[in-house]
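What TrEMBL says about this protein:
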SIGNAL    1-23  signal peptide
DOMAIN    26-130  domain 'Inhibitor I9'
DOMAIN    157-640  domain 'Peptidase S8/S53'
ACT_SITE  Asp166  active site, charge relay system
ACT_SITE  His240  active site, charge relay system
DOMAIN    421-495  domain 'PA'
ACT_SITE  Ser601  active site, charge relay system
TRANSMEM  730-755  transmembrane segment
Amino acid sequence: MMTNVAHMFMISAIFSLLIIAESEVYIVTIEGDPVISYRGDIDGFEATAVDSDSDQKLDVTSDSVASYSQHLETRHDTLLETLFEEETYTKLYSYKHLINGFAVHISPEQAETLRRTPGVKSVDRDWKVRKLTTHTPQFLGLPTGVWPTGGGFDRAGENIVIGFVDSGIFPHHPSFQNPRIEPYEPLPRYRGKCEVDPDTKKSFCNGKIVGAQHFAKAATVSGAFNPSVDFASPLDGDGHGSHTAAIAAGNNGIPVRLHGYEYGRASGMAPRARIAVYKALYRLFGGFVADVVAAIEQAVHDGVDIINLSVGPNGPPATTRTTFLNPFDAVLLSAVKSGVFVAQAAGNGGPFAKTMVSYSPWIASVAAAVDDRRYKNHFTLGNGKILAGIGMSPATRGNQKYTLVAANDVLLDSSGKSSFADCQRPEVLNKNMVKGNILLCGYSFNFVIGSASMAKVAETAKSLGAIGFVLAVENASPGTKFDPVPVGIPGILITDVSKSMDLIDYYNASTSRDWTGRVKSFKAVGSIGDGLEPILHKSAPMVALFSARGPNIKDYSFRDADLLKPDILAPGSLIWASWSANGTDEPNYIGEHFAMISGTSMAAPHIAGIAALVKQKHPRWSPAAIKSALMTTSNTLDRGERPILAQQYSDSETMTFVPATPFDYGSGHVNPRAALDPGLIFDAGDNLVQLVVKIFQFRTQKCFPTSFFAQMNGFKFSGFSPLDPFSDTYAFGATLSLAMEIGNCSIFFIIYGGLFTVQM
């Protein structure tokens with residue numbers, strides 16, 4: 001009898017292990033309202049919803065919210081306990097505030113059981129997300145046109161909390177320190193937690209950073225999370241999270257120093273704003289939606305004003321019929337209804353159409369622009385030919401030219417020439433032959449996949465005593481992106497293949513060899529220019545090549561969703577900001593405290609920070625009103641007063657420039673100064689869209705009435721005159737759905753194809 005019992009127990013245990021082994025994380029939503037929209041339909045539980053048209057905010061500390069939240073969690077637990085044996089599943093999160101559901105680790109068979117259960121609305125297998133990877137305050141006009149209106153940079157963003165769902169933060173960076181002069185006061189309305197560093201036992205918060213938490217339950221049960229590498233804390237082991245936080249809310253005037261040179265002073269868009277960290281991304285695998293949803297829920301519960309999402313899915317969800325009706329985007333909708341403005345990176349799949357990975361109509365999807373700053377350099381050959389390239393480096397001394405030596409010609413062992421031409425291993429090169437010369441290296445595929453870096457080339461050249469280095473691109477796949485990299489010795493990357501061949505031809509013609517191919521004498525010479533100072537261009541802003549393009553897609557089949565995306569354009573190319581000292585996201589900046597990187601990940605926090613400034617000036621504005629202010633005041637002309645261009649591929653797959661369209665830049669490039677006083681905002685309630693129009697007083701005439709009211713196609717319009725006069729000339733942004741003209745006391749609106757005119 002005992003043997004049979006033991007045998008049955010063993011079979012049961014093995015069966016349980018088999019279930020666990022093939023289990024995956026699923027996000028389950030069930031019928032019933034979450035806290036944000038519950039209106040008291042259940043006996044014994046008071047309503048918790050807040051009218052979106054009112055100024056009242058959800059009080060998550062109230063007894064009614066606590067009671068209803070517990071009710072929802074009990075329902076989640078009861079459902080699972082009724083259907084499954086306890087040891088066959090693991091519930092990771094209960095989602096109560098923004099959606100009604102939970103994340104659970106179960107087998108596919110158990111997931112199917114849930115799908116067939118009455119009261120279950122959806123069961124979606126968890127999917128991965130990824131990162132969508134200074135001068136810009138000046139480029140955007142913040143120091144002179146925006147910060148002074150709020151009391152200066154030391155008040156810009158005061159008491160606004162920006163939540164960052166990202167890879168964490170490096171709290172010791174100067175960009176995130178609590179200033180000694182005018183330190184931050186406590187912020188009682190924010191209810192977030194501060195985790196303690198498990199190594200130092202110190203809090204991650206300091207007044208500037210008001211909240212710091214990490215979310216990794218889905219990553220852990222999926223087997224992707226490694227605490228020794230990914231850090232089971234809010235500490236940034238990647239660099240990405242520190243970079244985005246500094247762009248939006250980093251302290252003002254922080255010197256950007258690398259390799260003994262100062263590239264300027266960095267500042268966030270809203271340098272006085274507070275930072276709340278919700279780590280849900282990790283260095284090796286990105287993240288999981290279940291963890292990201294939990295982070296967003298917590299951020300809204302804690303009381304953030306803005307959420308920055310420099311993160312997006314790998315592609316459209318395959319399990320939902322509509323891209324923006326999955327649990328992730330449903331959570332974003334509830335966040336917006338809670339009064340939180342959300343900025344999300346559009347994606348880096350450009351320049352091809354339908355590459356957006358930010359689908360929600362209710363948030364701001366941000367495309368990336370190239371600003372007016374370009375870093376260029378040149379290499380002068382001994383024959384007088386000048387080759388253009390990139391490289392943020394000092395020049396070689398004076399007008400002196402130095403001997404060129406190719407890595408393949410100075411190997412200690414010549415048996416593996418092609419393997420070491422990229423100059424990543426100094427120990428294989430002959431120091432005596434390199435010392436005092438310019439080292440010529442080859443750009444290999446290892447640079448594309450990240451296992452080789454320009455920083456390592458510089459390190460190799462310096463350790464061997466070289467004067468400098470040249471990195472030549474002999475073959476480049478279409479679309480290969482080359483960014484300038486700061487290095488401490490003279491160095492340049494020749495990106496044009498034809499220019500690289502000119503260099504190699506000159507080197508070979510000037511270098512004599514014996515019959516075996518061994519070099520007898522190096523006679524090729526050259527000099528490297530100064531690449532430290534940027535050149536400012538009027539053809540800016542410009543839509544970056546990598547920035548994802550619209551239109552938005554409806555489903556996994558990439559059908560059009562009839563929804564304009566992206567929403568807006570902001571700087572996202574070659575952005576300087578803080579970096580985590582142990583960050584590994586960019587091989588050229590390992591061990592550094594600053595990095596200059598590109599991506600819509602960098603564009604989104606520009607909008608998040610500027611939204612904080614708008615929120616500071618207009619604290620009662622809804623997320624829709626803030627989004628409206630940003631979009632209706634955006635620019636479609638560049639600094640040279642020409643239509644904005646977009647980087648694109650030509651038929652020969654080389655980069656060219658074409659006129660940009662709303663599918664490239666949305667409404668246009670952000671204009672922070674105009675957004676603070678837009679004169680025109682759309683607001684979104686539960687049942688209607690309100691258009692509020694300010695009728696400006698001309699300095700030369702006052703022929704407008706003080707107010708007007710009209711209604712068209714179910715939309716209500718109202719307006720009033722401001723007290724402050726403006727100039728005689730008005731320029732307003734235009735989108736596909738809105739155009740506006742003011743002149744000679746006439747106002748014209750083109751709204752969804754309708755024409756509405758007020759003639760005085």
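Glycine too: its Cβ is placed from the backbone N, Cα and C atoms.
Owing to the predicted nature of the structure, the values given are computational and were not obtained by experimental measurement.
Across the domain 'Inhibitor I9' (26-130), DSSP assigns 35 helix, 26 strand, 44 coil. Within 10 Å of the C-beta of Asp166 (active site, charge relay system) there are 30 other C-beta atoms, taking all protein chains into account.
Rounded to the nearest whole angstrom, the C-alpha distance between His240 (active site, charge relay system) and Ser601 (active site, charge relay system) is 8.
Rounded to a whole number, the distance between the Cα atoms of Asp166 (active site, charge relay system) and Ser601 (active site, charge relay system) is 10 Å. Ranking the active-site residues His240, Ser601 by the number of CB atoms within 10 A of their own CB puts Ser601 at the top.
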